[in-house]
Amino acid sequence: MAGRQDELAREQAVVDRLYDRLDELRAATRDRLAGVRRSGSVGTPQNRSERDAFATLYEDRVAQLDAVEDRLVFGRLDLADEVTRYVGRIGIADDAHRSLLTDWRAPAATAFYRATALHPGDVRRRRHLVTSRRTVTGLEDEVLDLDALADADGEGDQGGGDGVLAASSLSGEGALLASLASRRTGRMTDIVATIQSEQDRVIRAELAGALVVQGGPGTGKTAVALHRAAYLLYAHRRLLERSGVLLVGPSRAFLRYIDQVLPSLGETGVVATTIGELVPGVRATAVDRGVVAEIKGRLLWRSAIRSAVRARERVPAADHPVRVEGHDYVIRRRDVRDAIARARRTHKPHNEARATFVREMLARLVDQYRADVDAELSPEDVALVTEDLRSHREIRVALNLAWFPITPQRLVADLFAKPHRLAEAAPELGPADRAALRRESGAPWTESDVPLLDEAAELLGEDDSLARAEAHALEAERAAELEYARSVLESSGAGGGLVDAETLASRFAATGPRLTTAERAATDRTWTYGHVVVDEAQELSPMAWRALVRRVPTRSMTIVGDVAQTSSAAGARSWSHALDPVLRGSWRLEELTVSYRTPAAVADAAQRMALAAGLPTSPLTAARQVDGSLELAHVAPSGPERPDLVRQVVDQVSMLAGEFVGADGAGRVAVVAAAGQVAALRAAVESVLPDALGREEGSRLLGQRPDDAQVVVLDPRQAKGLEFDAVVLVEPADVAEGDGGASDLYVAMTRPTQRLVVVHSRPLPAGILEPVAA
Ligand SMILES: Nc1ncnc2c1ncn2[C@@H]1O[C@H](COP(=O)(O)OP(=O)(O)OP(=O)(O)O)[C@@H](O)[C@H]1O
């Protein structure tokens with residue numbers, strides 16, 4: 001016992017030293033930041049921009065150093081030749097640049113995650129340090145080279161964690177089990193201390209190309225995707241800091257659930273978004289029915305949107321006479337046809353090529369003027385006549401009809417609001433599909449509209465009226481910069497012919513205060529990223545894939561998901577089906593097979609059900625067993641309102657809340673039911689909580705924000721990607737008959753970390769109770 005205490009004390013001393021050093025670094029960075037801020041906004045533009053750059057650098061560093069407080073150090077490797085290496089969230093060195101702590105992402109830390117007894121490399125012992133705040137509370141050793149440590153202290157509690165199932169392949173079992181059994185909050189936490197070797201391989205996989213990570217529920221796909229983003233930013237910082245990393249998740253609620261993971265890993269510069277937010281300026285607030293989402297996801301929209309754009313470049317039915325300033329002109333069909341052909345030959349997007357079309361048409365009309373007056377025209381005459389023609393209302397209207405400037409929003413809205421436009425653009429759609437798409441102009445955007453808007457924006461380019469407004473703003477900005485540069489030259493007396501105000505202003509514009517890459521990328525639809533991470537990727541439609549791939553021309557992507565959990569009718573049941581059309585077969589597949597979330601009995605029941613329903617599941621082995629993790633509560637059918645079933649649900653929730661929900665905000669219980677039953681069940685649960693748990697606790701729970709709520713009632717789609725300590729699954733047969741079918745039931749069953757209670761009055765779907773005979 002004494003040996004263990006000594007060992008704890010020795011590690012405490014190391015940990016104290018690392019935290020002391022962290023505090024020193026924090027203080028030094030804060031001092032530097034204060035120094036930069038003190039020098040204020042005086043000096044040359046060059047000086048100011050340098051100061052801004054330093055201020056940003058120090059602010060980021062302060063944020064990073066603050067973010068790594070919790071579990072700063074979590075591992076130690078004892079290597080051959082008596083070398084000891086500590087592994088933690090960031091790298092820390094002393095004043096003489098000697099390494100004190102190795103960043104978990106550095107090559108030198110790889111062995112912490114990968115070394116096994118079979119392949120120990122030069123690792124003799126791996127130690128997990130468990131800390132609470134700054135105190136070391138536990139050590140867990142794995143001796144990998146038994147011979148080398150035969151006569152060393154070998155203090156390690158090798159394996160032996162209660163309930164471990166996949167023991168032979170797990171590292172740091174004690175720390176892992178403690179982390180898996182801990183109470184859940186509304187926020188995901190990082191897994192940096194206990195990354196398993198199959199996960200580490202994915203996290204450190206090379207940057208180039210598209211990597212698909214398929215894995216059953218709870219295998220750590222989300223965790224791995226986020227740690228991979230942090231790893232790539234570390235390993236390829238120069239490249240990715242400039243181009244940025246985009247993270248795409250299924251919903252804002254999900255992005256909020258994961259939003260603390262990257263900052264806790266010291267990374268804040270990733271742009272996180274959903275497909276519905278991919279086009280700046282458009283916010284998708286409505287949801288399409290399954291069949292509509294499926295139709296909008298089809299690749300036929302590539303040609304349909306192209307045709308819809310082409311339909312706005314149109315030769316009129318007849319020649320059109322116009323009288324301008326006493327002269328007669330004819331807008332001839334032949335001229336329009338030629339001008340359209342010429343504008344198309346520029347290969348510019350529609351709104352940008354319009355300038356060529358208009359210029360061409362005006363030139364033809366000026367030719368008519370020249371013939372009319374039968375005289376040579378000076379350049380000034382040409383300019384005057386051109387301007388008269390351009391500003392004449394009838395000519396403007398005629399040219400607009402022939403080449404209509406249009407926004408992506410208007411183009412797409414017209415397709416759904418004007419049946420003839422859709423029929424013309426998408427002849428391959430049958431009448432039933434077209435009728436399903438019908439929608440009033442001005443209806444709110446849906447998530448499945450966004451890839452169509454993106455496609456349209458790509459083909460339309462910028463509306464030049466917008467570009468003109470921007471040019472105007474830029475001009476004003478430049479004038480202000482010029483003014484500023486003049487005042488600097490005057491006050492510094494540095495005119496002297498060496499540098500003029502214009503040069504100084506342009507230098508200032510080039511080096512002046514800048515938005516971060518993430519900020520610029522998030523507001524620019526045409527931004528291309530260095531890497532894109534997609535979570536719950538099975539839900540994406542073919543059109544959504546096109547929109548994403550457009551944003552990463554190098555195709556450097558991490559795509560994580562589970563084709564057995566697809567609930568969108570537009571989503572994928574097979575990766576090749578989804579990805580081959582956009583990635584042309586060039587993607588590689590990794591599989592994760594250990595479920596860290598779900599206890600074995602629950603995972604097995606879900607897996608049997610999925611198999612019986614014919615879902616394309618991946619193999620799944622639960623990491624642990626939890627006693628009493630699966631309970632079935634059968635209720636006799638009790639009429640359409642099902643009062644007995646509802647009573648059983650609220651009783652179960654009350655019991656589970658008493659057992660799992662903590663007053664400290666940790667511990668979560670969810671009721672998951674078919675979408676149509678959620679509102680009634682939520683009302684029932686909310687009405688009993690104060691009686692069941694006491695008035696004070698009841699009102700505390702009812703007053704929580706939805707994202708942090710410890711007791712929630714959700715449908716399977718809302719629960720996707722999330723997890724809870726305990727789940728009450730209501731009437732699984734109803735869930736399986738909903739839009740998302742057995743996939744939604746699979747999702748619902750695999751949300752709990754501790755217990756699943758199935759409340760049902762109808763027979764259970766096949767497989768939940770026992771294997772279905774082949
Ligand atoms: N190596 C690990 N150490 C500790 N916890 C882990 C580890 N791997 C996964 N987990 C935990 O297991 C749970 C499930 O992980 P995650 O949500 O990433 O799985 P998933 O595969 O994305 O699941 P789903 O398909 O259901 O969305 C999380 O609580 C995560 O923190």
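Yeah, the Cβs are placed from backbone N, Cα and C, and that goes for glycine too.
Where the annotation comes from TrEMBL, it is an automatic prediction and has not been curated.
Secondary structure from DSSP puts G218 (ATP binding site) in coil. Long-range Cβ neighbours of G218 (ATP binding site) (same chain, at least 6 residues apart, Cβ-Cβ under 8 Å): S595, Y596, R597, T598, A603, E723, T750. Sequence annotations record features per position, and here TrEMBL assigns ATP binding site to G215, G216, P217, G218, T219, G220, K221, T222.
Residues or ranges marked as domain 'UvrD-like helicase ATP-binding' by TrEMBL: 194-599.
Its own atom aside, the Cβ of G216 (ATP binding site) has 28 Cβ atoms within 10 angstroms in the protein chains shown.
The ATP site is set by G215, G216, P217, G218, T219, G220, K221, T222; from the centre of their CB atoms, other residues of the chain with a CB within 8 Å are D562, L592, S595, Y596, R597.
When other Cβ atoms within 10 Å of the Cβ of G215 (ATP binding site) are tallied across all protein chains shown, the result is 25. Its own atom aside, the Cβ of P217 (ATP binding site) has 27 Cβ atoms within 10 angstroms in the protein chains shown. For the domain 'UvrD-like helicase ATP-binding' (194-599), the model's pLDDT averages out at 89.
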